[in-house]
Amino acid sequence: MDRNNLLSPLVPSWTSAAMLLSFFVYLGIAGSVLPGKLVPGVILSDGTRLQYRCNGLLSLLLLVLLLGFGAGINLVPPTAIADKGIEILSVTFIFSFLATLALYVVGFKCKGCSSSMKPHVTGNIISDWWFGVQLNPQFMGIDLKFFFVRAGMMGWLLINLSILAKCIQHGNLNQSMVLYQIFSGLYILDYFFYEEFMTSTWDIIAERLGFMLVFGDLVWIPFTFSIQGWWLLRNKVEQTTPAVIANCLVFLIGYLVFRGSNKQKHHFKKNPKAPIWGRPPKVVGGKLLASGYWGIARHCNYLGDLLLALSFSLPCGISSAVPYFYPIYLLILLIWRERRDDARCAEKYKEVWKEYCEIVPWRILPYVY
Ligand code: NDP
């Protein structure tokens with residue numbers, strides 16, 4: 001294949017740009033008009049709070065339904081995303097770059113904005129570009145951080161469904177593809193079912209919106225988290241029954257730990273007296289939960305997420321390292337994030353954090369790390 005042929009899928013087309021734009025327009029409209037629980041965000045330094053309309057699940061189901069109808073009349077063929085994967089990837093990359101540029105320029109002008117939109121400028125251009133200058137920038141009343149992460153998670157499911165359609169079209173749907181689709185599909189639906197929990201996560205409350213988050217949400221999540229699906233499209237894997245059972249167990253345990261720990265913290269923040277596993281909670285300094293999952297390790301939620309990530313890759317077998325890109329990347333990311341969160345909490349809670357670390361010495365995996 002000559003160089004032109006090799007690079008041509010990377011050249012963005014108007015069709016892929018229109019697909020991306022339609023997706024964003026749909027998300028903007030659906031997010032604003034569809035009913036959903038209004039969840040108050042954390043209290044900001046000026047005492048105000050942002051409100052998040054958690055209607056992601058409804059928006060996603062409606063979108064899948066609309067695309068299903070669209071496919072029926074050939075408006076958007078089900079394999080369109082899988083067919084134009086690289087093209088859409090390059091359009092999304094360009095969009096992320098331009099969106100970060102706009103955020104950077106607008107951020108500097110926002111001198112009189114409320115605390116969440118006031119620029120936090122370090123003066124280091126690379127750092128300000130990468131980490132962003134605003135905590136919660138808005139566009140036409142839409143919280144961009146919440147919007148981008150929603151777009152990324154939905155994009156991941158749309159890519160998966162399109163890969164599935166392509167697999168069916170080629171007549172090579174197999175057990176591994178079905179397992180990957182079920183596990184990752186449940187994870188994404190669960191994410192939107194519990195979308196309100198997102199409002200208290202690190203990304204939403206502590207991270208500014210720069211290239212790292214824009215690129216991470218729009219490009220990284222949908223295109224790299226679906227690597228297993230792309231890989232299975234081109235590779236056939238035969239799995240033994242014990243391997244399938246083990247794979248299901250990894251998913252199940254991962255899900256219980258991931259969802260259970262995130263739920264416990266969320267409920268604790270709302271009501272510090274709410275029982276944990278049927279018993280009164282153990283609380284350090286009146287602020288930190290030290291029972292349930294939060295008494296086993298300081299970030300059991302990361303452990304659960306890592307097991308889930310592994311369960312998405314196991315259907316691909318062990319003949320190649322490529323499908324393990326996502327769990328390996330997540331391991332590195334979560335170890336780094338745990339360190340940053342630890343530093344943040346040590347500064348915020350001071351002696352109370354020290355006491356908590358003495359009671360719960362393990363960071364992510366008890367007796368190992
Ligand atoms: P957490 O949800 O663990 O939030 C950390 C914050 O929780 C701390 O800053 C502190 O905030 C509070 N906290 C910490 N320990 C305690 C305690 N013992 N009791 C009460 N409050 C406590 O972190 P993330 O936002 O990073 O992660 C949320 C989920 O998202 C995780 O399950 C993670 O795996 C997942 N995730 C997935 C990624 C992916 O790429 N797939 C990327 C990043 C995260 P406060 O100041 O409010 O007390």
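Glycine too: its Cβ is placed from the backbone N, Cα and C atoms.
Record features (TrEMBL):
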TRANSMEM  20-44  transmembrane segment
TRANSMEM  56-76  transmembrane segment
TRANSMEM  88-108  transmembrane segment
TRANSMEM  147-165  transmembrane segment
TRANSMEM  177-197  transmembrane segment
TRANSMEM  209-233  transmembrane segment
TRANSMEM  239-258  transmembrane segment
TRANSMEM  308-336  transmembrane segment
Cβ contacts the transmembrane segment (308-336)/the transmembrane segment (209-233), at least three under 8 Å, sequence gap 6 or more: yes
Residues of the same chain, at least six outside the transmembrane segment (88-108), with any C-beta under 8 angstroms of its C-beta? 10-12, 16-17, 19-20, 81, 119, 121, 128-129, 132-134, 137, 144, 209-211, 214-215, 218-219, 222-223
Where else in the chain does the transmembrane segment (177-197) make close Cβ contacts, counting only residues six or more beyond its ends and a cut-off under 8 Å? 37, 39, 52, 54, 56-57, 60, 150, 153-154, 156-157, 160, 163-164, 167, 225-226, 228-229, 232-233, 239, 244, 247-248, 251, 255, 259, 262-263, 266, 308, 311-312, 314-316
